[in-house]
Amino acid sequence: MGDCVAPKEDLIFRSKLPDIYIPKHLPLHTYCFENISKVGDKSCLINGATGETFTYSQVELLSRKVASGLNKLGIQQGDTIMLLLPNSPEYFFAFLGASYRGAISTMANPFFTSAEVIKQLKASQAKLIITQACYVDKVKDYAAEKNIQIICIDDAPQDCLHFSKLMEADESEMPEVVINSDDVVALPYSSGTTGLPKGVMLTHKGLVTSVAQQVDGDNPNLYMHSEDVMICILPLFHIYSLNAVLCCGLRAGVTILIMQKFDIVPFLELIQKYKVTIGPFVPPIVLAIAKSPVVDKYDLSSVRTVMSGAAPLGKELEDAVRAKFPNAKLGQGYGMTEAGPVLAMCLAFAKEPYEIKSGACGTVVRNAEMKIVDPETNASLPRNQRGEICIRGDQIMKGYLNDPESTRTTIDEEGWLHTGDIGFIDDDDELFIVDRLKEIIKYKGFQVAPAELEALLLTHPTISDAAVVPMIDEKAGEVPVAFVVRTNGFTTTEEEIKQFVSKQVVFYKRIFRVFFVDAIPKSPSGKILRKDLRARIASGDLPK
């Protein structure tokens, strides 16, 4: 019998902060409102546009009323509802109400085209849509065909219910719901490391764990308290905002100031008026703050925490923003929808903060494990060596909805979620992201799936082949550009192709440049060699 070789141990990294107790058995809504006895009469939500304010007790009660209203409309435990909404108080009531009902919320971008919304409606099998009147036309025909109820938060068109009907329901008529911690509560859509958008199943346990990793314990990684005012400018259909603002904000008892869309002057006015203390942002907002000359006219001294996520932030931009917020700690977090979403967070935000390095995106969150692996061999790597970032813990997704194959390629047999991002962990446990294995393009923090745009381009009668890759852009971070092979004899122009795409997709998926080539580089198995195309862009070797 040959020698027995011991398996090589994984090199696993953990947070500098000690693990904490996490009440993973609690439903998400119970967990978020667990401290309501201390904050019940305090302002919970402020509508920035109108000044309307809701206390914690009112938000909790209205959420239970919405749950009862959903029940009366026939929404059962395990059913899915779609939130097709901008940021608004109703977003909170609808999401939390669905959670109380034991239902699932799938969040869709209201700027999606009709085709994009319907694709998500079909995939998620949503039974009800909560939206605004201006978006009803996108879904009304499909909803009528499938007998899906539409509810509007403003003036309800014909055949639509008004959201007030849900808020007027009697919460005492809501039947008791027994929620399993492994039940799905949120279903955002993400392209993951490759391919088309897929439903990401986030459970009660997963979101409770993710929120606790950030804001719970004696020394929270993200220190927030009941005197804080947090601005909600990031769209709640994005998991970063849903988690870091809605869930973390409620758990920590902060006041959440809601803005529908980013506009620099109203944004600065609200920060000054309400003395905002916490700003969860993305790089395009950080860039606007750094470059806008009007910023200096406003008093931003109340802001103590500026966190940036969804895409990396450069050192120069970090320094420019620090100058605008004199009393703020600035740092980055790193997330991925499938990871719940937070993998790493800056320890400068902790109650007892640590010194951090510029350009780092934090250290791995508590109650989780991280490793860096060689993308070719899957062997774990030591500090300061670049490899694929992997995360393991209760916060990660249950899997992709109805897609076991994609789930298996993302979460391995040992429970490690493979992110498709390349990075390294330094001697001080700080994580740096340097590249991306995955195909996703990040436009202002929004995901763009190349496969989706390639499939669309190939429906054009004069295009025989196409590939979509990112190009660096100062304002957007990255923009999608297309390499296109024209069908023999056709002289289709760049502008014609750009218009063809823009009519069918949301604004951030529009093609910014089209380069005509004789062939798309591919591997022997037929896979597009995106690295070759990215290298051509980087070197400036582009067709005229």
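Just so you know, glycine gets a Cβ as well, placed from its N, Cα and C.
Ala310 is the only one of Ala310, Ala368, Ala466 that Swiss-Prot places in the (E)-4-coumaroyl-AMP site (with Tyr240, Gln332, Gly333, Thr337, Met345, Lys438, Lys442).
Residues Ser190, Ser191, Gly192, Thr193, Thr194, Lys198, Gln332, Gly333, Thr337, Arg436, Lys527 are given by Swiss-Prot as ATP binders; from Asp216, Asp218, Asp421, Asp541, that same site also lists Asp421. For Ser190 (ATP binding site), the nearest neighbour among the listed binding-site residues (Lys261, Met345, Gly445), judged by C-alpha distance, is Gly445.
Among the binding-site residues Tyr240, Lys261, Lys438, Lys442, Lys444, the residue whose Cα lies closest in space to that of Thr194 (ATP binding site) is Lys438. All protein chains included, Lys444 (CoA binding site) registers 20 other Cβ atoms within 10 Å of its own Cβ. Taking the mean position of the Cβ atoms of Lys261, Lys444, Gly445 as the CoA site, the remaining residues of that chain whose Cβ falls within 8 Å of it are Leu234, Pro235, Phe262, Val282, Pro284, Ile285, Phe446, Tyr508.
A separation of roughly 29 Å, to the nearest angstrom, links the Cα atoms of Lys438 ((E)-4-coumaroyl-AMP binding site) and Lys261 (CoA binding site). Residue counts for the region 'SBD1' (263-332) under DSSP (helix as H, G, I; strand as E, B; rest coil) come to 35 helix, 12 strand, 23 coil.
Cβ packing within 10 Å was compared across the binding-site residues Gln332, Thr337, and the lowest neighbour count falls to Thr337. Relative to Gly445 (CoA binding site), the binding-site residues Gly192, Gln332, Gly333, Thr337, Met345, Arg436 all have Cα atoms farther than 10 Å away.
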